[in-house]
Amino acid sequence: MEVIICPDAEAVARTAADLFATYITRDTCTLGLATGSTPVATYKELIRRYEAGELSFKNHQAFLLDEYVGLDRDHEQSYYRTIRRELTSHIDIDDNRVHSPNGMSENPSEAGRAYDDAIKEAGGIDLQLLGIGTDGHIGFNEPGSSLVSRTRLKTLHPQTIKDNARFFGSPEDVPIHVLTQGLGTISEARHLLLLATGEGKAQAIADTVEGPVAAVCPASILQLHPHATVIVDEAAASKLKLARYYRYAYDNKPEWQQIQKA
Ligand code: GLP
């Protein structure tokens, strides 16, 4: 995997947007979108470039990673609403082509299968954006998740509920169950892009990049992916043993491989 260490969160967002742009400028592409606070700055940068006429999403489609079970689509904190608020309502993507798992389905297993089928029918995901939980989860694949799992129902770890309580009134208001793309589903995207900022993510990033591939750190599956990019700020990179080498490798990348540097 490629690790890009940026001076700060703003540079992370610009570098991630540069990478996104290489897909968005294609005739058509399928984007995998993530929620959480980390991607918000990248989304703002993409919106800015759209407004400046540099990017158009008109021919593209998107799939979300996950959704809370039992939250109506129109609930303020549903991921369906969140991605519209943070990104898709501000750009020219067709709203009907922004998909999310159906958290209101009476049959979550069936809803999970249907979601995987929809991704397949769309031709798979070209670029999948990922944030990371403090416990190393991606999507909502908590530690212990099968490394080959498909989209399915998961029970949130109490730490994740605590972390996400800031978006709700209190921890009691955070749904306990979610539908999430599985680690196997995520691995099928052709390019994975993981973003992390802040010291709180430093251990999870060290485990992801330099720890063993293990269910205890679900994001470690990136090590098995043929095309994975990790963009972090200095704080999130602070526990990486090989940080100097990653910087050296990035600075000496052959020109043909370079995305524009932020
Ligand atoms: C939630 C989402 C994840 C996200 C994580 C971290 O659990 N399901 O996709 O990566 O939060 O969020 P944040 O970026 O706010 O730290």
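All positions are counted from 1 along the displayed chain.
Any Cβ shown, glycine's included, is placed from N, Cα and C.
Per TrEMBL, these features apply:
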ACT_SITE  Asp66  active site, proton acceptor
ACT_SITE  Asp135  active site, for ring-opening step
ACT_SITE  His137  active site, proton acceptor
ACT_SITE  Glu142  active site, for ring-opening step
DOMAIN    11-223  domain 'Glucosamine/galactosamine-6-phosphate isomerase'
SITE      Ser145  site 'Part of the allosteric site'
SITE      Arg152  site 'Part of the allosteric site'
SITE      Lys154  site 'Part of the allosteric site'
SITE      Thr155  site 'Part of the allosteric site'
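Locations of recorded TrEMBL features on the structure.
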residue	record	DSSP class
Asp66	active site, proton acceptor	strand
Asp135	active site, for ring-opening step	coil
Glu142	active site, for ring-opening step	coil
Arg152	site 'Part of the allosteric site'	strand
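Neighbour counts of Cβ atoms within 10 Å were compared across the recorded sites Ser145, Thr155; the minimum falls on Thr155. Cα of Glu142 (active site, for ring-opening step) to Cα of Thr155 (site 'Part of the allosteric site'): a distance of 8 Å.
A gap of 9 Å separates the Cα atoms of Ser145 (site 'Part of the allosteric site') and His137 (active site, proton acceptor). Neighbour counts of Cβ atoms within 10 Å were compared for the recorded positions His137, Arg152, Lys154, and the top value is held by His137. Other Cβ atoms within 10 Å of the Cβ of Glu142 (active site, for ring-opening step) number 21 in total over all chains. Counting neighbouring Cβ atoms within 10 Å of each of the active-site residues (Asp66, Asp135), the lowest count belongs to Asp135.
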